[in-house]
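Chemist: Straight from TrEMBL, here's the annotation block:
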ACT_SITE  CYS265  active site, nucleophile
BINDING   CYS139, ALA140, ALA141, PRO142, GLY143, GLY144, LYS145, GLU162, ASP193, ASP211  S-adenosyl-L-methionine binding site
DOMAIN    44-334  domain 'SAM-dependent MTase RsmB/NOP-type'
Amino acid sequence: MLTPLKAKSEGKLAKQICKVVLDHFEKQYSKELGDTWNTVREILTSPSCWQYAVLLNRFNYPFEMEKDLHLKGYHTLFQGSLPNYPKSMKCYLSRTPGRIPSERHQVGNLKKYYLLNAASLLPVLALELRDGEKVLDLCAAPGGKSIALLQCACPGYLHCNEYDSLRFRWLRQTLESFIPQPLINVIKVSELDGRKMGDAQPEMFDKVLVDAPCSNDRSWLFSSDSQKASCRISQRRKLPLLQIELLRSAIKALRPGGMLVYSTCTLSKAENQDVISEILNSHSNMMPVDIKGIARTCSPDFTFAPTGQECGLLVIPDKGKAWGPMYVAKLKKSWSTGKW
């Protein structure tokens, strides 16, 4: 059953909330988030409140557009002093809802900016990529985090992997739209089952990002097919197992001493904290990395919910800070042998 939403902007069809999904989320998240869920639900079910960040492309920098964003009241993300924040990455936010038009893909012309949920930059920043490092983006489509990684540094090698064939094509087009040819030469794009990557390339990478398939809370709420939504919900309990298998593969692909960042765009504890707890309990060679400092620095722009983990952050949508959901956790691989 679909519940119509009032259209808040002229000329646009109202989105419809999928009641099957909303009822399911209501039961789960009212328990996990308590009273906070009321505000989160209000934001998630009101697209007119959603905000969009503008990530500028350093490979085709839009100087005039940057001036215009300043005039419109946009401000740069992380105006506070975030340690190791890459000066080459510029992302602008507005405190009011709305979005600027997306650019169209044109062969041979690099796009000047990428629109995104600002919270999706937190996993990229947590990874702390440095020039020359070998990095794996295990579940890379549609490519926004790969693009953001390349705004931060110039890796020696970037492997972007996506198992889904439709999303794989989307990923390739995104990279072609934003990255100049010389840099494309240090990027490999593959269509491998991410659960097999660790065996295919053991201890190959300095940094690994696992932006895992998850219950995408924002999009699921607006599922246009109630039957498909019901099927998604019934399959949802299988996602943590897939996420754990992807992380185990990522750990194999990570060199000793390397860093791994795990992220999802769901509020679900089963897909977030519980997955990381399982990995830490079953892999003695993986150590949690404290990232609470990111939350302290980013609190002017983001609202965080408690996770009970020093290595994990959860951004929740809030009034005037409609970013997220986004869970981020950071782990380090030690030099000792782990349990499997």
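Each position is counted from 1, following the chain as shown.
Placed from the backbone N, Cα and C atoms, the Cβ positions cover glycine too.
Because TrEMBL annotations are produced automatically, they should be read as predictions rather than curated entries.
What does the local environment look like for each feature on the list?
Modeler: For CYS265 (active site, nucleophile), the same-chain residues lying six or more positions away in sequence with a CB closer than 8 A to its CB are ASN117, SER120, CYS214, ASN216, ASP217, ARG218, GLY324, PRO325, MET326, TYR327.
The number of other Cβ atoms within 10 Å of the Cβ belonging to ASP193 (S-adenosyl-L-methionine binding site), over all protein chains shown, comes to 12.
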Chemist: Measure from the Cβ of CYS139 (S-adenosyl-L-methionine binding site) and count the other Cβ atoms within 10 Å, all protein chains considered.
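Modeler: For CYS139 (S-adenosyl-L-methionine binding site), the count of other Cβ atoms within 10 Å is 23.
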Chemist: If you count Cβ atoms within 10 Å of the Cβ of ALA141 (S-adenosyl-L-methionine binding site), leaving out that atom itself, what do you get?
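Modeler: Total other Cβ atoms inside 10 Å, all chains included: 23.
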Chemist: Find the average pLDDT over the domain 'SAM-dependent MTase RsmB/NOP-type' (44-334) in the predicted model and report it.
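Modeler: Result for the domain 'SAM-dependent MTase RsmB/NOP-type' (44-334): average pLDDT 94.
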